[in-house]
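**Student:** One structure, as structure tokens, below. Some questions next.
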């Protein structure tokens, strides 16, 4: 392993860690304005929406894979299935789908 | 550093490990693919593992491999990594609102290392406050899977069954859906939030307006702000329905 690549990896690690860590230090013991607090509490649901679409449609070149996977996960989740059941259910559904395609 | 109250952290740690299992499964195909790509890029097993252990950020690692192939200089690779990963700032700021106030800032600085899109999503929709023990458990599981499967990918990625790898690519999306859907039941505000953010993101990405990382930040911030503004205005107007 060359030392220049180790140095590069270390620097990459540092620039990745800093944004992860900084908010905890900067906001420690500090009360944000209520409106901003509520905006931050909205973030998870917004992020989840953005993480799912449009990404799920592109898991394969054939868009049908994404649609089938997403629909099966939505149905399982709506029926109240446990998260592991949803994940494994979507994998199994897609495997069957590609077998019978 | 943290042995002080590891005793009362341990049940929370176990809960975190359990909550991380879904991520561990979802990371497997992505990490295997990364390991395989790293090998074809010419990285040694040590370098491949080191990147996963120290950077621990999927998208950035893929991009770094791409840039290495193109012969890009180190400074540019480091800068790109920073730009791709700066969105973690938003995730951490949001999690900080939920983190247990009594936990020391040192503990938070430790678990901050493990914050990814996936650990964030699991932690953020968990009911109640976030304890350091829970976050350690969640992180260890997700991180362990990421590093382990990076190595497995480097070792024999090419010989893994194609159909399983392809089908497993849906795993993380299924997890995101599984985390989101139950929270939406009974709250139109959250349905709007997720739908608006998804629509913004589709526009930004399909319209080639922003790169993936920035598109997610912009759509999340925009929708979180707009929806809060609307619901505040509505409350002020005296209309109450949750």
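Cβ atoms here come from the backbone N, Cα and C positions, even for glycine.
Bear in mind that TrEMBL entries carry predicted annotations, made automatically and left uncurated.
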**Student:** TrEMBL lists transmembrane segment for one of the ranges B:108-127, B:188-207; which is that range?
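**Tutor:** It is B:188-207 that TrEMBL annotates as transmembrane segment.
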**Student:** Could you give the residue numbers and ranges of same-chain residues that sit at least 6 residues beyond the transmembrane segment (B:136-157) on either side and whose C-beta is under 8 angstroms from one of its C-beta atoms?
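**Tutor:** Distant Cβ neighbours of the transmembrane segment (B:136-157) are 2, 9, 12-21, 23-25, 27-39, 43, 45, 48-49, 51-53, 56, 58, 110-111, 113-114, 116, 118-119, 122-123.
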**Student:** What else in the chain is close to the transmembrane segment (B:188-207), if you only count residues 6 or more beyond its ends and a Cβ gap under 8 Å?
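**Tutor:** For the transmembrane segment (B:188-207), the list is 180, 214-216, 218-220, 222-224, 226-227, 231, 242.
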**Student:** Find the member of B:12-37, B:163-181, B:213-233 that has more C-beta pairs under 8 Å to the transmembrane segment (B:49-68) than any other listed stretch.
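**Tutor:** Between the stretches B:12-37, B:163-181, B:213-233, B:12-37 has the largest tally.
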**Student:** Below 8 angstroms Cβ to Cβ, which residues of this chain, lying six or more residues outside the transmembrane segment (B:163-181), approach it?
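**Tutor:** The answer is 22-23, 25-30, 32-33, 118, 121-122, 125, 194.
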